[in-house]
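> I'd like to ask you about the structure that follows.
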Amino acid sequence: FQGIFVLGLPYALLHSGYSGLFLIILAAALCCYTGKILIACLYEENEDGQLIRVRDTYEDIANACCKKLSPKLGGIAVNVTQVMELIMTCILYLVVSGNLLSHSFPYVPVTEKTWSVVAFVTLLPCVFIKTLKIVSKLSQLCSLVHFIIILVVMTYCLTQIHQWSWAKFRLSVEFEDFLVSVGVIIFSYTSQIFLPTLEGNMKNPGEFRCMLNWTHFFACVLKTTFALTAFLTWGEETKEVITDNLPSFLQTLVNLCLLTKALFSYPLPFFAATEIVYACISRGNHSNYRSPLFALGVRGSFLLLTLLMAMFIPHFALLMGLTGSVTGAAMTFLLPSLFHLKLKWEKLSFLEKCADISVFILGFLCSIAGIVCSIKGLLEVFG
């Protein structure tokens, strides 16, 4: 939850004012809720009234919802959406790595694309990752690096506390700027893609709901504290990535930490995407598709694909925004609420049905708004 998106939260407050603080809390509550209802779709009651896990993945849930229309249609749609979002995330980490290396070593006569290739070389061992345990170790290191970044920024902000003023907050906001803030805040909480796998790998899955409550609560507190202290420090001068506001001697240190974080973050979406594709390909009875060499080939192909797309796609940020508006909103709001209504309709109370429908409508509006803004940006770029 404390991803690179967190560094854009002070900028989101710049454009959303007091409403941004409310959005950070609301987004935490909504994403926590959709995570719970998504996992609820994995379970069904047996004859004794006990909950039994009858599905394992997001794909299984989609297939169960669409089985009357087509047995595998829902799973295919979900898998395509998941893989698109995960690959775009991997590409973003490569692009960010190239950008950070370029800014950290400005005197080296090397382009950002070349730096992206250097970052890519360090990620080659990812083709040998076979289990989620290895990914979790890297994610722990990623979290440690992230807290170092947050600590550096907040420590500097606290040294500037004499400059803080609540007058910097806006009471009125422009609609398009507000939509940008909504996108940054909501998508800084997204994790639904990983939840079925995470819950299935827990030693005690019964603690999942409690874990989700506490992680969203602490994420909300940390995001609010960080965004607030940074915005009160720089006010109208707050930049899109808050680390760009730091003095030059701190910028280099933070940029290198961000680079480390980006490289440690890459394996999780990479592993998830390759596992989905490998599972789809090897589902048949063809023994050749289940060999370790074939799995290595799938991971190697994906690794190379992310590099090529990072190198040659123009205006990647805008395309990322467009893809995120479609896939992010779908995986976070639209599909969990829709699947929950479909599978649990008879057992849901009136209030639960209203909550699911409200979340679906909100996700739809966020998706449409994000698509319109991204397309408008692309049209401006291409004239």
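Any Cβ shown, glycine's included, is placed from N, Cα and C.
Nobody curates TrEMBL annotations by hand; they come from automatic prediction.
Dumping what TrEMBL says about this protein:
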type	residues	note
DOMAIN	1-375	domain 'Amino acid transporter transmembrane'
TRANSMEM	20-43	transmembrane segment
TRANSMEM	76-95	transmembrane segment
TRANSMEM	115-132	transmembrane segment
TRANSMEM	144-166	transmembrane segment
TRANSMEM	178-198	transmembrane segment
TRANSMEM	210-233	transmembrane segment
TRANSMEM	253-281	transmembrane segment
TRANSMEM	293-313	transmembrane segment
TRANSMEM	319-339	transmembrane segment
TRANSMEM	359-379	transmembrane segment
> Per the definition of 3+ C-beta pairs under 8 A with sequence separation of 6 or more, do the transmembrane segment (20-43) and the transmembrane segment (293-313) touch?
no
> Please give the sequence-distant neighbours of the transmembrane segment (115-132): residues at least 6 beyond its ends with Cβ less than 8 Å from one of its Cβ atoms.
94-95, 97-99, 101-102, 197, 201, 259, 262-263, 266-267, 270-271, 295-296, 299-300, 303, 306-307, 310-311
